């Protein structure tokens, strides 16, 4: 393991991202504006056939209420189908391992999780979900929930790009194009690459193999091991591309059947961040100001690399208690040796910044401040690239807040992208920014105040608090990753984390539509000498300041009692 090699790999990774994401962003802008390249005529034929079968008029656009109603209805139907599938999976096909039905609370939690693009997993995929549930339920929702997030971002983009109109697009058209032109093709070729790296793709029975080194437990000598099988590669690709994060196996992307090589690890991390980064450029192209796309990308990339550097430092130099025992080298507890510190930090930072939730390591085993980094990235509210779609509209809400505060300081009515920012936009932006944080803190308080919440904690002291806090920050921000020391498969946690996911997903979406309904009706205001430019270095510094301040004000007290206190105790050599 070499620090300089890791730094070089980070630079190469983000260099390639900076080259590819504008290209994909331009492609997506063309698709959503109806400019289909002649080479895509076969897909266009499929698209038209779908509209004909379903009776959809692609030329008819919707106002914000019609669009929102279609989106919410579609998501509710998806939840209902998935909930019933999990509740009765024992009786459905492709259940070679005779897996029983999920309990009602676990089925509710899992269905909500995948419909909201959170993919919080209170179950183990290899023992509690059948092949049928994985394919027709969970993998399907990986496509649908990702497309749902992207179309919400499209509505907000159009609200800025258009003027004096109530129409914001057609949900069914946007949704269909997202699936056909973006998610399916990229996921298909990504799955083929993952298979080439050793990710499995089959419908076989689980394999029983002889151990090379049998071992003895309290009762018997164990000589065999059962290896789970399944159609993993096809689900792995969309799990990452759609920033979903729910693994086929309980170990997620730390499992060698999901992520077998260092190359697959880098590729999977790239898949996670690809669409969130590209959508920023789609935004710039569709509003006819590419500078805005590059500006947002630069701010997001700066904050991500800052947090990555902090995490790398604490994980490389490790735990002083361990070093006192004469054990030198980087802190590898909870990490896969085939990835090392660099591959682990790259993956964990990207997956939490994008609110994906996939993990290639055990976050619960990181150093206190190393574990604070993913928690902090999630708690910023899905704005450092963020989930597909949700990251863009979350960042735009933060930009509007920054513009508003700057406008107050200079005594001008704030404007963003030639549109005046008034009470409706500010109200919506505040809701988008704060609702997940408030939800997480309230539910954490409830869990720590009740016996149902406390009974699931396996660790005392500040780390136990961190596990509970992380659970609700993760679910309310639709991330899905966890500090795994918490037993989340209880009625209390299944219901409360389910509510956190619903609130964190749909309240901001409603606020986005409310904002878009106002912006689309406004005319474009020509820039004046006093207009605040929102693509400059000065505004970038201001935006980063606002992002950090809002995040710190929301969670700093809770972080002080959790990971920060745990770090102080570690420096004193105290363990709990």
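Any Cβ shown, glycine's included, is placed from N, Cα and C.
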Where Swiss-Prot places transmembrane segment among the ranges 267-287, 456-476:
267-287
Among 369-389, 516-536, find the range that Swiss-Prot records as transmembrane segment.
369-389
Under an 8 Å Cβ to Cβ limit, what residues of the same chain, 6 or more beyond the ends of the transmembrane segment (137-157), are close to it?
32, 64, 67, 71, 74-75, 78, 81-82, 85-86, 110, 114-117, 119, 129, 168-169, 171, 174-175, 178-179, 182-184, 187, 234-235, 238-239, 241-244, 246, 275, 279, 282-283, 286-287, 387-390, 392-393, 396, 509, 512-513, 515-516, 519
Please determine whether the transmembrane segment (537-557) and the transmembrane segment (68-88) are in contact (criterion: at least three Cβ-Cβ distances under 8 Å, sequence separation 6 or more).
no
Short question: which residues 6 or more past the ends of the transmembrane segment (339-359) have a Cβ under 8 Å from it?
1, 5-6, 9-10, 13, 118-120, 239-240, 243-247, 252-254, 262, 265-266, 268-269, 272-273, 276, 304, 307-308, 311-312, 315-316, 330-332, 366, 373-375, 377-378, 382, 384-387, 390-391, 474, 477-481
Which of 3-23, 267-287, 294-314, 391-411, 495-515 has the most Cβ pairs closer than 8 Å to the transmembrane segment (430-450)?
495-515
Are there at least 3 C-beta pairs under 8 angstroms linking the transmembrane segment (267-287) and the transmembrane segment (391-411), leaving out pairs fewer than 6 apart in sequence?
yes
